[in-house]
Every structure is written in structure tokens, then in C-alpha cells.
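Copied over from Swiss-Prot:
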SITE      Gly111  site 'Important for acyl-CoA specificity'
ACT_SITE  Cys142  active site, acyl-thioester intermediate
BINDING   Lys163, Ser192, Arg249  substrate binding site
SITE      Ser192  site 'Important for substrate specificity'
ACT_SITE  His235  active site, proton acceptor
ACT_SITE  Glu237  active site
Amino acid sequence: MPIKIPDQLPAAEVLGQENIFVMTESRAVTQNIRPLRVLILNLMPKKIETEIQLMRMLSNSPLQVDVDLLRIDDRESKNTPQAHLENFYHDFEQVRGNNYDGMIITGAPLGLVEFEEVVYWPRIVEIIEWSHQHVTSTLFLCWAVQAALKALYGMEKQTHGEKLSGVYRHHRLDEHEPLLRGFDDEFVAPHSRYAAFDGDLIRAHTDLQIFAESAEAGVYLAATKDCRQVFVTGHPEYDALTLDGEYQRDLAAGLEPVIPVNYYPDNDPTRTPRASWRSHGHLLFSNWLNYYVYQLTSYRVEDIGKVFTYQQNSPSR
């Protein structure tokens, strides 16, 4: 089934050229089924690039998905046309009263910035709290995992001495976890972060279930027991050339970045990298949509908040 997006969104043309099943709003109104409503809080600088990457992941599912885009920083963007933001993005006040089957909060280039110094940190905390009553399941990516661990569990950020960048091997820890259904026992995924996610610390300070880990990159995939918060510390949505773009950008800025590990053929940045994580990336998003969103959400989207209020107030809990 397709992902439903606005008719003029740039991602529609790009994904169509890639033979990915998308449905414009004008066509979707003829469909007589309820699509899943997913809110994407896009914190990445290159918003159009991130939109395309995430919508590519969401489209590979038998479920129809209706996407809303959210921004919380109203400062002028250096990487995204203002007209694009005005045409396709909502601010939080516009969606505050809505319910969503799923929400994705992206990463952000803020790994070395203290939370309190992030201009929109109070709003991030507010949205995470808001999601408890308005979203069935939230997927946090990379920096958003750090933010959620702080907001939900009071965990302070841990950082690496140098940026963790490259494609790392992970092993699954649970053979029966639906999020990993169809995964190989070992799989690779890209990372691009200063954040450190130590399994022992996360186990000591949270009640999260850890489903996949890496000897080099730490925890990769975890979730709350009720499936309502999912934490992915890497970037399974990345294109084959995204890490290369980041490396070349940092190189041009004189930052002397480390070469992303296990990424370039023969570790040679002049050679074109290929994506080795694409199938598992698609599978992760598909499993999340199916098992953590579709299977758990309310039949009527307007009932989502009522269901979770009832569950929280139930004497059996």
C-alpha cells in the first residue's frame, strides 16, 4: 500500500521516479479505508532530503500512511527554502489537538550541545509528554534517542571522544521480538553521532528492553515494554551517499573528520560507497508500522487519547 503525501511535495516526484508506491492527496480521497496517521518531527537541517528518506521507508508496507510534517524551530533555515516550510510544515499549535497512530522524531546535529542550550529543548520535552496521550507509538532516531532518555528517564548524555561514523555490525538479542521479525542474526546499520549509548547504563537507569546491540556502536534498538516508545540510535533511513556527504562537508569545514568505518570500498573516500543496510532499514520501519502502530492503535484515531487514559487509570495496571 502507498504512503499519502501532498500533491506538490518534492518527495512525490523523487519517489515516483524510484518506482516507490506513493499516493497524492487528490487520489487518496477516493479510497474508502482509514490510513495510518504519522507525524514526522523533522529536526534535520536538510529537511527535504530527510523527508524523502523517511517516506521511502514508510512506503514499503501494505498499509496506507498519511504523513504530517512538523517543525518547532521557526528561525530561517539555511538548508531548506522558506516556501517549502510554509507550504508543507505545521507548527505544534496546529497539531496539538490531533491524534496520531505513529510519530517519528528525527536526529539533529546537536550531539555536543547541552540540552539546556538547545533553543527548542522545552518544546521537545513538551512534545514527548504530549505524545503520551496523542500518539500510539513514537520512533526516536539518533539524537532524538538522547533527548528522549533525558526527558523520560533523566539520563544525562554520554559522548564519544570523536564522532562515531560508519556502518557497524549489530547482533539481535531477542529471537521473538516483532520489531526484528525477518532480521538476520547479525546485520549492519549506519551511525553518525557523538552520542554514546552504553547498554549497561541504559539497563541500570531505565526499564527499556534492548533488542539489538553492537560491540563498537553500543545499543542500536530498544523499546518500552508497552511498545509506545521505540529507540533507534543509528540512521537506517540514510541513503548510500549520506555519510559521504557528511564526511565531505566536515572535511571542507576543516574539521579533520575520521573516515566513516566499513563504508567506502577499501576505506578509500574517492570510491563510491554502496548501501549494505537498506533491506534491514526497510524491514525495521515496516515492522514498526505493522506491529507497534497498526496492531496497537485504535480503530478510530480520535479514540487514541481515550484508550491510553483508560489504560493508565485502570486498577489492573
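Placed from the backbone N, Cα and C atoms, the Cβ positions cover glycine too.
Features as recorded by Swiss-Prot, highlighted on the structure.
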residue	record	Cβ neighbours (10 Å)
Gly111	site 'Important for acyl-CoA specificity'	19
Cys142	active site, acyl-thioester intermediate	27
Lys163	substrate binding site	21
Ser192	substrate binding site	21
His235	active site, proton acceptor	24
Glu237	active site	27
Arg249	substrate binding site	11
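Of the recorded residues, Arg249 (substrate binding site) and Cys142 (active site, acyl-thioester intermediate) place their C-alpha atoms 19 Å from one another. Taking only the Cα positions, the spacing between Glu237 (active site) and Ser192 (substrate binding site) is 12 angstrom. Cα-Cα distance from Gly111 (site 'Important for acyl-CoA specificity') to Ser192 (substrate binding site): 10 Å (rounded to the nearest whole number). Cα spacing between the residue listed as 'active site, acyl-thioester intermediate' and the residue listed as 'active site, proton acceptor': 7 Å, rounded to the nearest whole number. Neighbouring residues of the recorded substrate site, listed in sequence order and excluding Lys163, Ser192, Arg249, comprise Ser165, Leu243, Glu246, Tyr247, Asp250, Pro257, Pro260 (Cβ within 8 Å of the Cβ centroid).
According to DSSP, Ser192 (substrate binding site) is assigned to a strand segment.
Ser192 (substrate binding site) sits 7 Å from His235 (active site, proton acceptor), taking the CA atoms of both as reference points.
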